[in-house]
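Following: one structure in structure tokens, then a few remarks.
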Amino acid sequence: MEQLVKEEWEKFSGLLSKLSGYTEAIGLLHWDLRTGAPRKGVETRSNTIGLISGEIFRLQTSTEMGEFTQFFSRPEVMNQLSDVQNKIVKDCRKEYERSQSIPAKSYEEYSVLTAHAQTIWEEAKESGDFNSFAPYLSKIVAFTQEFIDHWGVKDSRYDTLLDMYEPDLTVEKLDDIFGRLRSRLVPLVEAISASPNKPDKEFLAQVFPKEQQEKFGLFILGQMGFDFEAGRLDESVHPFATGLNPGDVRITTNYLPDNVTSAVFSSLHEGGHALYEQNISKELVGTPLAQGASMGIHESQSRLWENMIGRSRAFWHRYYGDLQQHFPEQLAGVEVEDFYRAINSVANSFIRIEADELTYNLHIIIRYEIEKLIFNEGLEVNDLPGVWNAKYQEYLGITPPSNALGVLQDVHWSGGDFGYFASYSLGNMYAAQILNTLRQELPEFEDLIAAGNLLPIKDWLTEKIYRYGQSLTPSQIIEQVTGEPLNPDYLADYLEAKYTELYQL
């Protein structure tokens, strides 16, 4: 029996390796589409992506895959497998059962559609023309609704989508978590609004040359421990990270001449994603486990580096001098404390990725509620701009002046990533809880940042989180690292402490 299991696992590994290779090819094609592929080649490229996606789908739903997962799920066989091997089988079986329920033709058409739609979205965002994007989005929603029917509805249709990005997450759980967080953050936002201690941000309203922004971003990535022999930084309309394998992790940012902090913090954010991908154990390469534990855990790392490290006072006491060297005219006479207060100011804003730490979660709740309306209540795509604007007025007291600053600002829906947005707020919560443990186990945490010695922090995160990839579940990760389940109070405590001091409440 032992020899049979070994032989079958070698065959199974060959199938997984083929799937991994196709998946990497898809990732590379998508990266190319979003970083400068010629416009006239988009349609053909989208069809190519559809063809390869179809091959992946056929392998995932093949008789061979079904037989392997059935064999390795037998109790007497499972006992001979390692924990990692059993996790691989479990994930493959879940994907097999999910994918097998979808008609292959529908999946291939959907893959072509989403590849093409991302380019249409980029053009629509630039012009602010929602009507040009709406037909594509309507088709994506229709396909997603069809897939939900095939997958099977959980407690609600939207639960089925949430589970894809954060296993076992439900509307019921998320409503409770968001409710607890909202009850503590809303009074804090109100107190800040009433505070006379407003930071001066006028010095940020200048032109900061793109070339210098790029140089500073590359410098900061190097300080974080980003391996440039295993990754690269490029430019795109919407910042993103693509982990092809731990030796090839590509990130992008978007440079705005009149907003230097946008590229700085998106580089830190995507850099956090990249550190995760670059430091996954090489033993997991070629398997479905060579990725983050979940999107929430992945976002915890991008938000930890972007905000809890990157917006800290200690970070800018070390790196503000470097920023001044890149922009000597723009930052002449601006003290580090003034800069720190400016980048942490709280203000209701239109753009999610430029929002402060405090109001950011309200941006996520808006998207979460809209997606619930789409999939649980049947909200029509053509009604999205109006609902979006109404939600922004309700939650933030502002109405976007254009669709580019409103419903068209995010890339996610063009790729069919419904259910993803909640991961950002979950990431904030995971990050705050992880930060609490990090400070306990590395008492010199603040001193390390102030000295520009960020590598011990990266090494701690690698040891505790990164190396495991998806071999552990999100709940296993957070409980193993912190000793308790997810608790949103850590995020509320962190934000209350930071902003009470900053605004002298």
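Numbering starts at 1 and runs along the chain as displayed.
Cβ coordinates are placed from backbone N, Cα and C, and glycine is handled just like the others.
Remember, TrEMBL labels are computer predictions, not curated facts.
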>> According to TrEMBL, His269, His273 bind Zn(2+); which one of Glu235, Glu299 is annotated to that same site?
In response: Glu299
>> Quick check for the class: what is the C-alpha distance, in angstrom and rounded, between Glu299 (Zn(2+) binding site) and Glu270 (active site, proton donor/acceptor)?
In response: 9
> Other than His269, His273, Glu299, which residues of the chain come within 8 Å of the Zn(2+) site, judged by Cβ distance to the Cβ centroid of those residues?
Replying inline: Ala241, Glu270, Gly272, His298, Gln301, Ser302, Arg303, Trp305, Glu306, Gly427
>> Can you give me the same-chain residues 6 or more apart in sequence from Glu270 (active site, proton donor/acceptor) with a CB-CB distance under 8 Å?
In response: Pro239, Phe240, Ala241, Ile251, Thr252, Thr253, Ser302
> Are there any residues in the same chain, six or more apart in sequence, whose C-beta is under 8 angstroms from the C-beta of His269 (Zn(2+) binding site), and if so which?
Replying inline: Pro239, Ser302, Arg303, Trp305, Glu306, Ile353
